[in-house]
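As written in Swiss-Prot, here are the features:
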type	residues	note
ACT_SITE	Asp67	active site, proton acceptor
ACT_SITE	Asn137	active site, for ring-opening step
ACT_SITE	His139	active site, proton acceptor
ACT_SITE	Glu144	active site, for ring-opening step
Amino acid sequence: MKIINLDSKNLASFYVACELFKQIQQHPHAKLGLATGGTMTDVYHYLVNLLIKNKVDVSQVETFNLDEYVGLKASHQQSYHTYMNKVLFEQYPHFVKNHIHIPDGLSENLEAEAERYNNLLDERGPIDIQILGIGENGHIGFNEPGTDFNSETHVVNLTESTIKANSRFFDNEKDVPRQAVSMGVKSILKAKRIILLAFGPKKKEAISKLLNEQVTEDVPATILHTHPNVEVYVDDEAAPDCL
């Protein structure tokens, strides 16, 4: 595991955007694993600028999102479909629609949807670069503490801490979905390369646990120590004192 401590969120986001850009530029059939949330917004901003500036052909690129809330329409302002459209796919409208993959949180059979998405990952993968955030409780994707490390794409019951953390995006906490469809830990580890980002003082404890604890399901991110190609980008506020 390689730790990259940069001065600011903006600088770290730019570095990660450059890594995604290079993957697309050098490998036109790149398969990218994408994440959502405030941590990722600047990454996509810089990536879009690089794609526009260089007029990059992305028609063969495939994207696979980590997760989606259960119960939200794709058009809902807080769905991850809407997020991805706003920050990437509408900003650089050259990605092919059927190459964009996001779980369907409105499926009538969520278990079948999880299986469908998992089969898609197996058929179309492996993912070249998977980007990840980390929750304050050490979750990756929506794989909460206690998640089986052998889990593949599955339906997740969100913890109260995750619901509270995500409530800032909703009018009030009761509007936050209680479930999500998420890639499992085993699914994430199939990626050839993983880049995790963590910014701000609220992520400092999670990064400290990631770096200092043994591999444990109590801190899902610790499983990344078993992967041969992981980079962790942190800003000064998220960097633990040991760095």
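Heads up, residue numbers simply count up from 1 along the chain you see.
Using N, Cα and C of the backbone, Cβ positions are placed for all residues, glycine too.
The shown structure was predicted, so the numbers you read here are calculated from the model rather than taken from an experiment.
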Rounded Cα-Cα span from Asp67 (active site, proton acceptor) to Glu144 (active site, for ring-opening step), Å: 13
Neighbour tally for Asn137 (active site, for ring-opening step), based on other Cβ positions within 10 Å of its Cβ: 18
Intrachain C-beta neighbours of His139 (active site, proton acceptor), sequence separation six or more, cut-off 8 angstroms: Pro145, Thr147, Thr159, Thr162, Pro220, Ala221
Neighbourhood of Asp67 (active site, proton acceptor) by C-beta distance under 8 A, where only residues 6 or more apart in the same chain count: Thr36, Tyr80, Pro103, Gly141, Phe142, Val156, Ala180, Val181, Ser182, Met183
Glu144 (active site, for ring-opening step), number of other Cβ atoms within 10 Å: 21
